[in-house]
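Novice: Reproduced below are the annotations present in Swiss-Prot:
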- 85-118: repeat 'TPR 1' (REPEAT)
- 135-168: repeat 'TPR 2' (REPEAT)
- 292-325: repeat 'TPR 3' (REPEAT)
- 326-359: repeat 'TPR 4' (REPEAT)
- 374-407: repeat 'TPR 5' (REPEAT)
- 408-441: repeat 'TPR 6' (REPEAT)
- 484-517: repeat 'TPR 7' (REPEAT)
- 626-659: repeat 'TPR 8' (REPEAT)
- 694-727: repeat 'TPR 9' (REPEAT)
- 734-767: repeat 'TPR 10' (REPEAT)
- 1-45: signal peptide (SIGNAL)
Amino acid sequence: MRKFTLSLMHAFLPAGGRNALPGKRGVSRALLGLSLGMALTPLAGAATSAQQQLLEQVRLGEATHREDLVRQSLYRLELIDPNDPQVIAARFRYLLRQGDSDGAQKLLDRLAQLAPESTAYQSSRTAMLLSTPQGRQSLQEARLLATTGHTEQAIASYDKLFKGYPPEGELAVEYWTTVAKLPARRHEAINQLQKINAVSPGNNALQNALAQLLFASGRRDEGFAVLKQMAKSSTGRSAASAIWYQQIKDLPVSDASVKALQDYLTQFSEGDSVSAARAQLSEQQKQLADPAFRARSQGIAAVNAGEGGKAIAQLQQAVSARQDDSEAVGALGQAYSQRGDRARAVAQFEKALAMAPHSSSRDKWESLLKVNRYWLLIQQGDAALKANNLAQAERFYQQARAVDNTDSYAVLGLGDVAMARKDNAAAERYYQQTLRMDSGNTNAVRGLANLYRQQSPQKAAAFIASLSASQRRSIDDIERSLENDRLAQQAETLESEGKWAQAAELHRRRLALDPGSVWVTYRLSRDLWQAGQHAQADAQMRSLAQQKPNDPEQVYAYGLYLSGSDRDRAALAHLNTLPTSQWNSNIQELAGRLQSNQVLESANRLRDSGKEREAEALLRQQPPSTRIALTLADWAQQRGDNAAARAAYDAVLAREPGNVDAMLGRVEIDIAQGDNAAARAQLAALPASQITSINMQRRVALAQLQLGDITAAARTFNRITPQAKAQPPSMESAMVLRDAAAFQAQTGEPQRALETYKDAMVAAAITPVRPQDNDTFTRLTRNDEKDDWLKRGVRSDAAELYRQQDLNVTLAHDYWGSSGTGGYSDLKAHTTMLQVDAPWSDGRAFFRTDMVNMDVGRFSTDADGKYDNNWGTCTLEKCSGHRSQADTGASVAVGWQNETWRWDIGTTPMGFNVVDVVGGVSYSDDIGPLGYTLNAHRRPISSSLLAFGGQKDASSNTGTKWGGVRANGGGVSLSYDKGEANGVWASLSGDQLSGKNVEDNWRVRWMTGYYYKVINENNRRVTVGLNNMIWHYDKDLSGYSLGQGGYYSPQEYLSFAVPVMWRQRTENWSWELGGSVSWSHSRNRTMPRYPLMNLIPADYQEDARDQTNGGGSSQGFGYTARALIERRVTANWFVGTAVDIQQAKDYTPSHLLLYVRYSAAGWQGDMDLPPQPLVPYADW
């Protein structure tokens, strides 16, 4: 722009040049020039447009060999911008054509200085080279290669010659026309020729070549547009007309061909092609007036346009009108082919070839016949394969392969047949052959991936990794599925280990691979719930429900999730969000189960509250149901009503002969009734294929155990225990693990049983994470008011076994005594106890030692230092010496106990005057709700020093030892307590009482009581009751004289007491506070003071016979008070204390106790309720 403006200004400057000093008139001319220059500045755009037009005229002149037009245009261009590289290049080409090589070289040098990187310079340099003999020779060689069909070599020669910059004009057209002969570069060549055409309008040779290339490439509209450009040129019009007509004259007769002729005639009005077109147009219009011909032509046109499916009716009409028209028959075959109707297509092509074997369309028909035969056989093979007719499918694929052995789909079909036959080797071979024939056959890639996936995920992954990117994309669903399977397997392993949070993270990754997956979301939510992340778990399922509100699968999964987290009512409500008409069988089954659960839940609440009859009535009101019938049978079985249970099971089997639950129930009844032979027969008859659930297998294992088949029971439990661990928490899996643990403990594997109880805690949803240490484990055994029966059972069973396996050491000190007469009944005693308890077999063994010190005070003496108390023989002859009466000794004992048996053997304190071996054995069991214990024993009477350890008569008298009374006998005790508000107990015992130098005696004692639980909670109980005791001793030997026993022994004793007891425990404390008020009546007969005359010296026997202990009766009130408290200091150490105050008539001493207990394994479970301090061995 600036150059153009200055040039105009220069035209108006003084003749002396720009540096000349203008005169007045010169100044005016200069100012005028400046004004004109400024005024012409906005016209720069027009000048540029004019410049372009002039350059186009230069190219037009070059193309038409109009050198005069070139000269005129260059003159004007050089006035506008003489330094424009394009202008210089055009002048360069002009001089070169004129043979002025020197002038051309000067311009080339100038162009090198002005624009050395420009295309104008590069193409000019190439043109200069071509003007040399060597350049012309190289150009001729390239042209010869192109003419003789060596296109690639020709292009290489051109590129070497042009160095990437072909000269402008005809050589550029020549070069790109040659490049267009290469199919891979045709599009590039056409684009370059179009660019040249855009800047070189009127170049007929270029436009001719470009139009032909566009038509050959199927770009007809663009080709006709170029011909329209040619038609504007008088020199190119004739050629354009000929090319145009050549493109339309052979079109099938149709409306489209008529329109094409009409469009042509609007462009051209003279010439041979125009005459021919007019005649052809007239003829086609006449033909199209015939409906049959129109249908034929329109059908053929549609087929040629690839829309044969729409032309079938028209072509059928044409064939019906002219049955010898082979072209119409062939076109109909093409139409069927395009519609995919291979069978009809084959028939039409065969017909066309038979009608016109020498038709110009023969090659096309034969090719299409081959293609359609091939794909027809492929379709038939696919259909046979889908119908699982593998032999027929194989025949079709083999026939297809014979038709065309170059296409891969017949080989692929053979691979699919081999796959269906599970012939993996053949399938792999065919699939690999398919890929060698066509690496892009994604079905073969998929077939191999699935084949390797069946063999191992690792092999499939390795195969996928070896694929190209495009092949891998074609089976990305399989790759995602493999990754999903891998993550699912890892998650399942973590779930089996109770690592719910880690499993949930893997499910998150699975959900990213398959967004919106119902069951992946379900498993993710379930694991989050188990990990304690309840809000997140619920949010996942809510989001799924929002995404798929009407999806039955979602509704079922959400209901299952809610049901699995003990939200049956919410689960049922969610199922009802979907219209029942859309419920599938899964939803129907779940809804029925949830509704049944609600009924059973109500019935169980009634039963648990003691209203079993009402519970049964509720169930019997429901529609007949196998589940309810089995529940009623189970209840009858539990209460021992085997006849009713058997009848219920028989009723179920009458409706469902193969019901395994009922069959197992009958096995259990036979076992309960002792009919082991029938039970074994029933157990053997169970259909193994139907015992699929782990709960059924659990019941089978228990039956095997009860029948004594320990090996079979072990096999069953070993099989189902890992399955139960792998399952999500459920009642079924928890029951399996609970019973497996009990079995392991019973068969001598207590430590393994404890580990299984840990798994049972997870399965019962007591904890989401398996406990890893004793403190955590035992803390989980603590009771919870919210627990159902199963959780309570798992906790208590685990606690019982753990404590049975623990080693305990207890040290206690008991101070006890009662007031009386110094020297024999004013008792003050200390007992220090040490007991070690350890596991042995299925019970606990213990070692016990008691250090006992008993002091009964001092005798009061007269002035002579003598005493005549009713002790020894002092009433016969005053005694002297041995005023202080005390004794110390140590006892030892060992024993063992389990749930049924208990025994011990030991000694009375060694060091006492009388030492004996003592002990006992007992057996406990249940008869329905009634518990009972039978016992046999030899126990000391420890209420006085005389009765327990014996005393020695004063040495001033006989010096005889006597006392040490032992009770030898047995008894039975009964109890009734179902855990409800009321309880009853009773005890009956009989003993032979004997001692060293003591008159023999015997006794019978009856004791019974009733209690009512005012508060009956897991950790707090308040009871009030009524107790009754009736005793009878044959003789009253309560005196302390020689031959007496020193123990309370009324001939009649009756008492009633009202005890009140408060027991409670907290996390680390446990206590019992209680007391009673009582009324008692007793009667004693008058008895000889010295019942054994052989112990009395002869001199005193007459006097002794005259002395008696007077009888009589008495009655009155008494009371007791008791306080006992225990504290857990650590998991291993416990301390406690107790106070027991007695104010009664039965020689019962009061106690003060302190103790400490050590647990080797540690215990963080429930505190004992009430606390269990040591009891002196003498009082067992």
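Just so it is clear, glycine is given a Cβ too, placed from its N, Cα and C backbone atoms.
Since the structure is predicted, the reported quantities are computational estimates derived from the model, not experimental observations.
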Novice: Could you tell me how many residues in the repeat 'TPR 1' (85-118) are helical, how many are strand and how many are coil under DSSP?
Specialist: 27 helix, 0 strand, 7 coil
Novice: Go through 85-118, 374-407, 408-441, 484-517, 734-767 and flag the stretch with the largest number of C-beta pairs under 8 Å relative to the repeat 'TPR 9' (694-727).
Specialist: 734-767
Novice: Given a Cβ distance threshold of under 8 angstroms, which distant residues of the chain, six or more beyond its ends, lie next to the repeat 'TPR 6' (408-441)?
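Specialist: Same-chain residues near the repeat 'TPR 6' (408-441) but 6 or more away: 374, 377-378, 381-382, 385, 388, 390, 393-394, 396-398, 400-401, 447-448, 450-451, 454-455, 468, 470-471.
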Novice: So which residues does the repeat 'TPR 3' (292-325) touch in its own chain, when a touch means Cβ under 8 Å and the partner is 6 or more beyond its ends?
Specialist: 252-257, 331-332, 334-339, 355
Novice: Please list, for the repeat 'TPR 3' (292-325), how many residues fall into helix, strand and coil according to DSSP.
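Specialist: Summed over the repeat 'TPR 3' (292-325), the classes give 26 helix, 0 strand, 8 coil.
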Novice: Run through the repeat 'TPR 7' (484-517) and tell me, per DSSP, how many residues are helix, strand and coil.
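Specialist: Breakdown, helix to coil: 27 helix, 0 strand, 7 coil.
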Novice: Taking helix as H, G and I and strand as E and B in DSSP, count the residues of the repeat 'TPR 9' (694-727) in helix, strand and coil.
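Specialist: Its residues fall into 30 helix, 0 strand, 4 coil.
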